[in-house]
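This report concerns only the one structure given below.
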């Protein structure tokens, strides 16, 4: 069985280096791999211990035999300084402060303060060397790594010299795939499996020249992938999704290893590893370090590593160490001399401490220990240490290396590197291309991945196809069997318009989709996997079959149900035009997504754009009615060209007889066509009772000759949008490049500055040598006074957890048992993927699927109803509301989770205690933000711990890897605090990955798990871990002296020391197991016989629902108030759409055509919804995911409070939006200025704001992700728009729909109420072309001839010349009410009736948000 913990490097075939010159250059012991002059020759790397070292050497030998060159590149830097804009300058404006123009002008005059985050750093890493960069978070380690991996964007100023071999940074940028950085974050497409993720990486790095014995690129790729998976110990995860915070996948440690593999797959020459052991267990972390050492030795790599918690085993593998503090380089030199140097300055390294922690702690007053006699002369801060280092002989000797880039051997090696890279490249690539495989292979790889992404997110794919079929059937039945006469003109035009509209709305989801995988694509850009054009072409290639299927289903259903021209030529012309138009709209929205760095900006533009394109496509407003100031939009509108082509295909060479209201007069007694004429039909000629299709098209400025011209224009638009997407994609940059800084809300700036000044004064006191012991002791007693005492015993017995997988049931926990008593600090350990997080999830009642068997009890009794909120659980992933400050997040948790009988003031006072304890006072008034813009990973981890601690957990505290991502001092402080909690009676259970010996000694008991969730040990740890050591020694695995027992244990149960033994079986047969089982039974029975230690208050939530709602609504409202992008985009979309709508329908008149325009301007108001909904839903889903991931599971507040807060927090902005739209639109279109009518219409518009928000929220409430929601919107909105009586008037809607869906459609009542108030009292005045003009028989007067008509079917018509005997002029309507009657609005009271019904629909839409949220909310699994 493959050892899980092994993390070998790549096979050497992965690092092909052609050598056409001298084979001696490739020898492992060559002299030019020599270390620094100060290298301690007694230091022997432990890479030889690595189990896969022989395989690595075989690969190396194969490369030598194949004649591969060595690609070696050292890194040298001198006087390197980096400046950024000070964090204090990064102010997060709120909705009101952004309009404070005078303040912005004043601030713009002040030059933004700069902060030096890296100060005159220097160093040299030659091929074959490893450098360890140490420093506390914020000291500049990551910045240095970014400089040394040539990631230079996002900084205000960079000074100094960096050379890669003899290359300058500009020259090295052509080789970005060879100088790579593995960042701290794991960025993947979560729905792809591990194998699919690695397939993609390896496929794009296959060299052109293959090693001897490898038959094909595919064989090389397969060999690479299988070796990497196997060597990293995660072969068993190959078919498991990678996952993320919200998608279940591999464990956190396994995900980190996938990240490492992907980085190794680049086959680079310079590797920068940024805290790459975060989330790995101690044994796996050590194996990874050995792998890097082996790679570096065998292949001459340059490896630069920064680690926060480096055990001595890892530390000893490095050649050099560089220590940073406050950006200053306080040590750089040989690893072996770092500790002696610091000890010479007067610092003492405690016994059992990690040397790395000792080096980073020398400037921390609470961490350092001073040698007797040095109390008054040791360096107290970074400046003094830097001065001491500058005077040391180490500094002078290391400076010798800085000429390395200019040496002849380096220049030769760099030329060799260039040739080696060139040998690997596909021959069709240009010399300066950073890529490895040719463009076609890049496209192929991207296409495969694109189909995998589509297929692994089946729900999104299915909703797109299902909604298309449903919408096609609905639309086909709505426009069913449209007649071939004048009555069918409007219906057929509506059907053709809807064909474009629906597919365009569906394409809007591309904006949402554009942002979902962007961080992954940016990472791959730095890895030089593919050109952005390859990705864009792959998206198109994936689009084509999906869209062909989608459009074919839609076209077949709609075309033949509507009864459009039944000829093959006409059908396929319709089909191809719809397909091309959809391709164009997809490309357009994808380009918009690519052009913007934020989703809010893209959604604002796309929402406004869809309104503009729909309005100016020629359907709502014909070309001749468009105003000159906006008519240019028609000519740049792809939908206009498509609509022109569709109408021309349908009506060309048709004879269209006028019928019904379009024929004047008609009815009994009017059968002679000589004395009839068409009315209200475009292109009608006086005295004619029909119009030809081409006449009708000409009246719209369309022509059949335009069809294929427009087809070509549509493809030209498509090509333009694709080109824009490619250019925009190539300019994407990561969030960190924009400058990673703290964000301070405008309203807390003064508070933050006060805290900063206080900190600066404290630092000055420290530099002056003052000590604050009195204050520290006071704070200490204050903390002790507030800590919670607990008396409950928590037990679990025979716990088994099973989940269903495609290959059958999989056991993740196998008969696990244990307990945590008051005052006990328990450690839960095991290799990555052993089931530690799963066990905590099950114990904390956080699982919503799978099967749990066994018992979980408190005081020998079933878990109380309040358990989930009474037990604190710090999860591994830090999920927080990004627009909350640190203090607000802690107060929110304290107010909602501490018992209801505790006064509010006391809860908030406890928050101050935790802020001091976790040293968060300098961050308390800053926004949490997102990674890259806000708190760092380490700071977020402290906030996560704080959020749980402020809740005063009364039963126990679970912490899942609370020290991952923290530096050694922060990790020790965290565990020391947990120790303190335990000492006052709290029960604490912690999963921990890489504890130092010091850290491990703080724990009382250990539960050790092996692969498959099997128990390996449970019991006391003992002084200096002696009890655990004795147990393993007894079974043949003694812990050597000076080896961290925590690392040793993991190595024994899952690493190369396992000796193939089943340690679970060893445990089950041991006396310790029997003793622990008996003690567990005794604890349960004893606890059950006593009164419970914790009295259950019987409440599921700590606070009443009303209090929950108030607190959560306040947080949501504050969050929206600070989310300027979201609010301003909503406001800008309303103002822009309103002005656009108003000026497009400027001062509408009172003619028959103007009645239609009034209908259409109101109809266009509806289309403000898609843009706002598309922007609203991702925010709703992000909030819901935060709630689902953490707040729901800890019973912080009810889902009812959550939904209420989300709904209510939007209200103020919806009111503002309604006012703005009304003011910008109502008077510009010339609607009645009477206050009663204007007020009524404003009220309806306000109701509509609430209505569409409710619709968007109920879709989002149940949607699994934002893309799914964006694809569902067209189905819902398309149906509502179709049946509101505009596209097809009420009288012509098919009977099946007319009698139910029409009456259940809120848009119907919205349109009806607004039309009644704006049109009912209008006097209709026909324009010249709108009159039906005809002669009378036998010289009778017009009044006499039309008397029967005017008293019957034409009673609403207006005869303007009754006494005339020829040229009778009849207008279709007298008043607006006559027009409204034809669309089923028969009386004025309909306006108020419909208004009331709209209000009812508003309430019902919000009720659906509650219903669907409840339907989606799963209960936690209980043990069976």
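Using N, Cα and C of the backbone, Cβ positions are placed for all residues, glycine too.
Note that the structure is predicted; figures quoted are calculated from it, not measured.
Swiss-Prot assigns the feature transmembrane segment to residues 1300-1320, out of the candidate ranges 1069-1089, 1090-1110, 1300-1320.
Swiss-Prot assigns the feature transmembrane segment to one of the listed ranges (520-540, 667-687, 688-708), namely 520-540.
A contact between the transmembrane segment (629-649) and the transmembrane segment (488-508) is present, since 3 or more of their C-beta pairs, 6 or more residues apart, lie under 8 Å. Distance noted between the C-alpha atoms of residue 1265 (N-linked glycosylation site) and residue 837 (ATP binding site) is 24 Å.
Ranked by CA distance from residue 835 (ATP binding site), the glycosylation sites 79, 275, 790, 1338 have 275 at the top as the closest. DSSP assigns residue 79 (N-linked glycosylation site) to a strand in the three-state reduction.
Each of the recorded positions 275, 790, 798, 832, 837 was scored by the other Cβ atoms within 10 Å of its Cβ; the lowest score goes to 798. Here the CA atom of residue 79 (N-linked glycosylation site) lies 44 Å from the CA atom of residue 830 (ATP binding site). It is 1240-1260 that, among the stretches 569-589, 1131-1151, 1200-1220, 1240-1260, forms the most Cβ pairs under 8 Å with the transmembrane segment (1300-1320). The distance from the Cα of residue 837 (ATP binding site) to the Cα of residue 798 (N-linked glycosylation site) comes to 17 Å. One way to see the shell of the ATP site is to take the Cβ centroid of 830, 831, 832, 833, 834, 835, 836, 837; the remaining same-chain residues with a Cβ within 8 Å of it are 251, 253, 281, 838, 1009, 1011. For the pair residue 79 (N-linked glycosylation site) and residue 834 (ATP binding site), the Cα-Cα distance reads 46 Å. Each residue contributes its Cα atom, and for residue 833 (ATP binding site) and residue 275 (N-linked glycosylation site) those atoms are 19 Å apart.
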